[in-house]
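Undergrad: Got these off Swiss-Prot a minute ago, pasting:
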- 22-44: zinc finger (ZN_FING)
- 50-72: zinc finger (ZN_FING)
- 78-100: zinc finger (ZN_FING)
- 106-128: zinc finger (ZN_FING)
- 134-156: zinc finger (ZN_FING)
- 162-184: zinc finger (ZN_FING)
- 190-212: zinc finger (ZN_FING)
- 218-240: zinc finger (ZN_FING)
- 246-268: zinc finger (ZN_FING)
Amino acid sequence: MNSSQISLRMKHGRVNMQKKPSKCSECGKFFTQRSSLTQHQRIHRGEKPYVCSECGSCFRKQSNLTQHLRIHTGEKPYKCNECEKAFQTKAILVQHLRIHTGEKPYKCNECGKAFCQSPSLIKHQRIHTGEKPYKCTECGKAFSQSICLTRHQRSHSGDKPFKCNECGKAFNQSACLMQHQRIHSGEKPYTCTECGKAFTQNSSLVEHERTHTGEKLYKCSECEKTFRKQAHLSEHYRIHTGEKPYECVGCGKSFRHSSALLRHQRLHAGE
C-alpha cells in the first residue's frame, strides 16, 4: 500500500469518526453532529447562553437570538413575492405562503380540522385532550401553550420588554407592540370584504363584520338583551347593578358611561 492510499484511508477514517452518531445521556436521542448534541443538551440543563442586550431574553441557540433581535430592529428580510409582505424569519414566510396556496398539510385526527402550521395543530389538539402542560410557579395557573405562560408571568413581574422606537411606550407582548406601531405607520392590514373598511387589529375587523351579519354574541344574564361587543354588554350591566364608575371631580356626580361624564363636564366648562 503506497503513501497516497494510506493517507486516503486515514481521511476516510476521520470522516467516519465525524459521522459516528453521538447519544444524549439524558434521553437517548442520537445526533450526527457533536454541535447538535451540545445544543440539545441545553434543553435538559435549562442553559440559555445567548442573551439579548435589548430586553434580557435568553436563548439556547445563536440563530434564535438573531431572529429575536429583529423584533427590536424591525428587520424583515424575507419577502413574499405574492403580496410584498415581509417577515422576520424564513419559517414564517413559508407558513405565510400557504395563505396564497391554500395548503393545510396538518390535519387533526379527532375532528378533521386542518392547519397550515404544525404548531397550530399541536395547540388545537389540546382542546380535545384538555392538556395544559405549562404551569405558573407563582400562582399555579396552567396553560396549553408556553407562550401564554410567558405572557402571564409578566403580569407578576411587570416586565415589558417590547419597546416602541417611535414613542418609547413599552409592552409585555410583541403582538401588542406590533399593533401599537400601526398607530405610527398608519397600516391597516385587516379589510372588510363587505364594505372595504380597514382596521389595525383583526379583533376590530371581527367586531365590525357583525354590523353586516347582525350577529350578537354577548347576552345579558339579567334581561336576555344581546350585544355585538363585550364592552357594550359590560356597560349595559351597570343598568342592573347601579354601578356608576365615572365621577366628576368638579361636583362629585357619577355616571355609568364615560361619554355621559364628558357631556356633563361641558356644562361646567360653559359656566
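Even glycines carry a Cβ here, placed using N, Cα and C.
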Undergrad: Are there residues at least six beyond either end of the zinc finger (246-268) with Cβ under 8 Å to its Cβ atoms? List them, or say none.
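TA: Tertiary neighbours of the zinc finger (246-268) are 235, 238-239.
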Undergrad: Would you list the DSSP helix, strand and coil counts for the residues of the zinc finger (106-128)?
TA: 11 helix, 4 strand, 8 coil
Undergrad: Average the pLDDT scores across the zinc finger (22-44) and report the rounded value.
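TA: Mean pLDDT across the zinc finger (22-44) comes out at 83.
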Undergrad: DSSP helix, strand and coil counts for the zinc finger (162-184)?
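TA: Summed over the zinc finger (162-184), the classes give 11 helix, 4 strand, 8 coil.
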Undergrad: Are there residues at least six beyond either end of the zinc finger (78-100) with Cβ under 8 Å to its Cβ atoms? List them, or say none.
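TA: Cβ under 8 Å, 6 or more out: 67, 70-71, 116-117.
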